[in-house]
Each structure stands twice: as C-alpha cells, then as structure tokens.
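Structure, as structure tokens:
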Amino acid sequence: MGGSCAQRRRAGPRQVLFPLLLPLFYPTLCEPIRYSIPEELAKGSVVGNLAKDLGLSVLDVSARELRVSAEKLHFSVDAQSGDLLVKDRIDREQICKERRRCELQLEAVVENPLNIFHIIVVIEDVNDHAPQFQKDEINLEISESVSLGMGTILESAEDPDISMNSLSKYQLSPNEYFSLVEKDNPDGGKYPELVLQKTLDRETQSAHHLVLTALDGGDPPRSGTAQIRILVIDANDNPPVFSQDVYRVSLREDVPPGTSILRVKATDQDEGINSEITYSFFGVADKAQHVFSLDYTTGNILTQQPLDFEEVERYTMNIEAKDRGSLSTRCKVIVEVVDENDNSPEIIITSLSDQIMEDSPPGVVVALFKTRDRDSGENGEVRCSLSRGVPFKIHSSSNNYYKLVTDEALDREQTPEYNVTIAATDRGKPPLSSSKTITLHITDVNDNAPVFGQSAYLVHVPENNQPGASIAQVSASDPDFGPNGRVSYSLIASDLESRTLSSYVSVSAQSGVVFAQRAFDHEQLRTFELTLQARDQGSPALSANVSLRVLVGDRNDNAPRVLYPALGPDGSALFDTVPRAAQPGYLVTKVVAVDADSGHNAWLSYHVVQASEPGLFSLGLRTGEVRMVRALGDKDLVRQRLLVAVRDGGQPPLSATATLHLVFADSLQEVLPDFSDHPTPSDSQAEMQFYLVVALALISVLFLLAVILAIALRLRQSFSPTAGDCFESVLCSKSGPVGPPNYSEGTLPYAYNFCVPGDQMNPEFNFFASVDHCPATQDNLNKDSMLLASILTPSVEADKKILKQQAPPNTDWRFSQAQRPGTSGSQNGDDTGTWPNNQFDTEMLQAMILASASEAADGSSTLGGGAGTMGLSARYGPQFTLQHVPDYRQNVYIPGSNATLTNAAGKRDGKAPAGGNGNKKKSGKKEKK
C-alpha cells in the first residue's frame, strides 16, 4: 500500500497515537495504528476508539465482528462503541522487564470480508517503583591506612522504572569522613562510590554508620535506603589490583554448560596474608549467578546453564578481589551473548474458517496466521510454503503476517476435506523449519443432480398380478452430502390417463420401488410407459427423469370364444345346408373362434367331440373347416349333428364347444316346411289362446320399447342417414388404456352405425362411421344377430311364394379344391397349420378373425349372397367378411358358398366379382329368404 501513516496524541495524561490518514478499503494498513497509555491503567479504561480509527461505523463493529487478538490479551473491544478497552492489569516492568521501549503488538480482525489490522500500544512508564538495594545493610572494612581520596564502590540500587522514573541519584548522610561520588556504568547505569575525605583513626573511632539514599526522577521522587556500617581496621595499605577495570567477552549461546568463558586476575603488592586474594561476585543479579559460576581462588568464570540470546542478550557482573588484609577492589565483566540459529520458526493461527463453501471463488481468505522466530538477523527471517496438491496459496499481507486463500475451484464430491500443511523455514545456516497442519472442511453445495443407474428401465409384469406388489425399482444416486444428496422419487408423467394413473401404479418416495395398484389385464393393457423423477432435497432442488416401460405379459386367462356357429335370435341352434351330392373334400362350413389371449395362449385347435356319423365329416385341426369325408349314403340321416371343442395352446388349456346342425338338402324349400309346420296338439284351443295373449303382450311391449328407442336415438344423433332408420351400435371402445368389451374382451374394438332400409323386400344393411364413445358391457355380437333376425324374420313367412321360385345355385360360386383357403395363407388344405412367425403375425391373425366377426353386420355385404357373403339368411347366422386385414382374407371361408373374403373386398372397392351372374346370385338369395 502506498502513502504514509501519521500519528497524533490524545490530550490529557494518557497519550494515544491516531492515524491521520487511514485507507478504508485496503486489506492491510500501511503502518500499524499506535496508541500510548500509561502502565497500571484501570480495567475498562478506554485506550482509543478502534472502530473510528479503522474507518468502521458503530454498526460495523458487531456486523463485522471486530475483535483483537494477541498472545496474551490485555485489551478487548467494546461491541457497542468500538472502543479499545483495558482488560487486564498492565505492568510495564512485568511485561517488558528491562527493555527501555515497551510496546504491545495486537491484531484487529474483522470479518465479511476477513481482514487484519496491526495495532501497537506503547506502555509508558509510571513511577510505581522506588529504588531498592539488594541488601538493607552494607558492611565495609576500611584500613586506617587508606589514603585520602581512596574510593570504595558501593552496591547499586535497582529501579525497574525507566527514563525519568528510573534511578536518578544517590545521597549520603552528612559526615566528615566520607563523601559520595556517582559514576556511570558502561551500560548507562549509575553506581555510587564512597570516597575517603579525612584520614581514619581506628583509635579515635573504630566504626562509622552512614545512610545511603537512592532517588529516582519521578514527580514526586521515590527513594530507597541502605545502612552502611564501616569497620576501621589496621593498615593493609595495598589493595588488590585487577589487570583491567572492565572485562568483555562474546559468547555463543549454544556453548554447553561447564565452559570456561573468562579468567579475571588481580594482584596485591602486600606480602603474606595480606597478599592472598579471593574472588567473589559482588552485587550480581540472581539470574547471572544461576547462569555463571566463579572460582573464588582462581577467578575462573564458568557457565552453569545453557545461554539463551532470546531471553538475555548481555550479562554484567561485578567481581570483587579481596586480600586477607580485607583490602578489596572490583572490576566489571560484561558477557555479550551471540545469537545462534537455535529456534525454529513458530506458526500462530490467528483466524481460521474451517468450513468453506465448495462454490467459493478463488481468492477467498480461509485463514490468517503469523510466524515468529526468536532468533535475530537472518536466523529470524522466515519463509512460508504449502504442501503440494492443495487448491490454496499464501499471500503475505505484512511483516510475518500471511493470508491463506483459495487458488482453484473446490469440489466437495472429489475432496470433502483438505489437510493443509503450512511450513515455515528461516534463513539460518543450517535453516530450521516447523510446520502446522490445519484441516479445512468443504461445505457441500447442491451442484449435482441425481443420476439414475440406467438410462431407461424395461420391466415385464405378468397379467393378473397381485395388487400392491412391487413390479420394479429405480435407483438414482446423488454425490452431494446431506439433504443435497437425499433423493426422493415420484411419478410425473405417463401415457395412461392422468386422472387414473394413481389407480394403476405408485412409487415409494424413499426406495424408488414401483407398486402395482391393480391387477393388469394383458387384453386391455399390453404396455404403458411411466416417467419417474428423482429429486434431491437441496435448495434449489435438482432432479432427473427416467422412463420406465412396463410390458404386461399374457396368461391363459381367456377361454376361446366361438363366433360361428351362433344361436338364433330365439335361442335355437342354426343350421347349415349341404347339397346331397356333396363329394369328399367338399367344404361344408367352418367353425370360427377367437381367443383374447396372445401367443400360444391364443393358438387354437379344433376337435370333434361327438358326431352323428363319425366317419362322414372331417374337421381341420387349425382351420376349423368341416369337410365331407365321403358322399352321403342312403342309410345316412339327412340331419347331422357335430359337437366341436375349441382348445387354446395355454398351460393348462382352456376350451369352448360349439354344436353344428347340418341338413342335407338340394334347396331351401325342402328344409323350411320341417321348421315352420308344427302339428297341432289335440288341446290346441287353450294353448293357442295362451300363446296369442302372450304374443300380443310381447308385441305391445316391444312396440313401446321400439318407439322409445327410436326417439332416444333421434335425440342423440346429430343427423339421420339417408339410407333409412339407424340403430347406434353398442360395439365401441373407450378412450385410454381400457380394453374393449366386445367379443371376448379383446384389443380390437370397433363401433358402427347399423342402418336398415325401409323396404323389407330388400333387407340390405350397411355400416357407416364409427362411434367414438358408447358403453359396451354385454355380448353385442349376439345382440346384433338377434336384431338382424328380428328385422328379417317376418319376411320369411311373407315370401314363401318367392322361395318356390328360387334360382339354381350359380356355378360361379364354386371354387376348385386348390382355390379354397387354407391355414396361414396356404391352399393345400393341410390341417396341421403353422405357427405364426412372430407376435405381429399372431396379432394380425386375431385381428382378421375379429374383423371377420365384425363383418356380421357389414352393410357392404348383401343378405342375398353376393360376393363376399357367407350365403346365409339373417335367421341362420351372421355374415362374415374381412375388409381390415386383406393379407388374411383367404383364411376365412364363407359357409354355404365357394367365395372368400377377397370377393367381398373386390366388391367394396367397386370391382365386379368373378363371374357374371352377381345379380342373379343376389336375387336368388332374396328368393330363398
């Protein structure tokens, strides 16, 4: 940072230094903030307004968590005003000991953003200590022969205060023999020396008592005293003399204990006992006496304890040499301790944010720390470094203060925490280092969406499953932590109707298990697709979708249903006519059945259960075709009955039965008298009356129902077909996945409008547009047959005369044996049949059979036996044609004729059928009817 920081002092006895120019938005200050306070300031006293000096408002004090930190915290910050307050007793002599300049270094830390400011509090000395002598009484022995002006060094007083409050001067009590002289020590201190002014005379006065007073420079001054007791002895007039007054020695702090550092030497010109010299410490501090030892006979000085430059840089000792005659002299020994690189750097964490958001950008401060090396010079210069492979770096904010900041993007899913090792190395030789490891936890952010184990799921569920059972399970994982990684599942879309989705499936929000809410029916619902969503609990939440396709497998739960032969409108069995001259291989009729199942479960086989003449007819195993085995014999009955069983290929197989009534006749006139003329019983009068009453009642009821039905249909239809009166079909399907109820509840629903012209002589009917929505809950095929028969039955009795004029069968109806349809498109008449190549072929075959059944009421096929019809009247059964699946038309045979559905398709397409007698066939059929 550029610029300079000036200082100002507070008014009053407390001197406080403030910065005149303080940068507000820099991470660190160019110079530390300085305050000056006297020692022994009362607790709670205000040092200065730290918030103001830092440029912070009162609101910022608590918002940015202004605080101070130090190794020993003597100060605190008022959270309301931002004042820096005295927290603990401040004793300058205890804190700074002998240092003349006493400063306390603090760090002011603020958050949001994290920053640090340096504070120096100068502790000013207060005159709270009086000078003090180590001994309250000083005993001296002075020979009477001592010459005038002889000086005797006295013990110095100690005053912990500094500057003006330190020791200022000495005073001696008034006397006529001695005066006091103050001399300066090399270290700047003062010591007193007692100077003889008058010759002593032991015989006159053998002892002298004086008072030595030490005064400091305080206001008011403080003092300390010591009693001096001087004993006058006989003359030993030559005191010992040191070779030099001051001895200086430089000593490395790493010298081991027991090392000799210096030998002092004193000589005495006296002889005898007065020349024997002993050495001793005189007025030496206890600390120095613990570190050094003195040989009292040789004057050799040894180390007793390890030296520590960081604790004491210099030792000053007074050595006294005394002869046996009690004469003494003193010298000074100054030991300079030379610093060695014996202290490793220290790392002190001042602030640490151990929780770091993983979306923190580079440059975010996560920790503040400082280094300290007690060595001096290059031994105390410290460099910091980080362990490798961590996305952090160190910024030096000021002298020995550092910031640990992010250097790269963080990813908790890859590394949830970092053990960052900070290494500090000094520049000594050899260098010393230390390290500190801090753990930084990365706080999770919802930055990962759930991921499904599969891109899509496919599950097969058999139909008629247990409701409530699980059918599938989806699983998604989220690498985030806690709520951000907690996944819940839900259904969000489906190809089913949304309002009925909950009645089909549900999903467990916790486990992802999909449950079936109902039993599925393959015939109604073969497949459906769900869209499931996995969502975590983060804010904002993240989600992922996956599709689940459910295939409903078929089970053999539907028995075959016989479409032909069907019962008549009055419940009587219909019959087929067979020419008497029918030859072996002649196609008599065909049993038509369907199975709503699929696959093997819908592969039908036909079996003869019972026959009037077992050897007269054969039944195709797969086709259901009834053919002549031999010609009709004279002994054979004209009326034949066959009981046919239709079985599917399921395990176990299901079956249905149908009864065929066959009449051998060359014309319809031979058959009708047997069915229309009944012998009258003897009591026919009463029976006739009963039947008449019942018939009249039924006719009245039917008439009323017909009128009501006609009115209702008129109201529901938006228009009336021009062809005549129409009846709405009940064969229709509902929208959605619900299957059709027609025939055997299969999957090929159709709905038609059934219209009959008003001309009873031309009972042709057509199918028009399909109806979209109408319920179908019963077997409508039989209803259609009954309706058709009820409409056409009156014409049978009315046209008996026309029947007698029936034209002979048209030879164009006949097909050769090779032209007759076989199974699966073959024309060789093989009854074994072939299995469809795939499921599509099977479904197409079922569609063909259902379509052929639906053609029972198709208006495009005339009742007169035109091309494409079965050649039967309304009384004898429904008409079967095929117009939806042309590939399978040849598999459906039209009983009573040699035509196939291909002819009917040609007629619908506007093409003339094979043969030129189409009109004659139609008129002939009308005459038969």
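Cβ coordinates are placed from backbone N, Cα and C, and glycine is handled just like the others.
Noted in Swiss-Prot for the protein shown:
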| type | residues | note |
| --- | --- | --- |
| COMPBIAS | 919-929 | compositional bias 'Basic residues' |
| DOMAIN | 31-133 | domain 'Cadherin 1' |
| DOMAIN | 348-452 | domain 'Cadherin 4' |
| DOMAIN | 570-675 | domain 'Cadherin 6' |
| CARBOHYD | Asn419 | N-linked glycosylation site |
| CARBOHYD | Asn545 | N-linked glycosylation site |
| SIGNAL | 1-30 | signal peptide |
| TOPO_DOM | 713-929 | topological domain 'Cytoplasmic' |
Mean per-residue pLDDT computed across the domain 'Cadherin 1' (31-133): 86
Reduced DSSP assignment, Asn419 (N-linked glycosylation site): strand
Helix, strand and coil counts within the domain 'Cadherin 4' (348-452) (DSSP): 4 helix, 57 strand, 44 coil
Alpha-carbon distance [Asn545 (N-linked glycosylation site); Asn419 (N-linked glycosylation site)] in Å: 38
Residues in the domain 'Cadherin 1' (31-133) grouped by DSSP into helix, strand and remaining coil: 15 helix, 39 strand, 49 coil
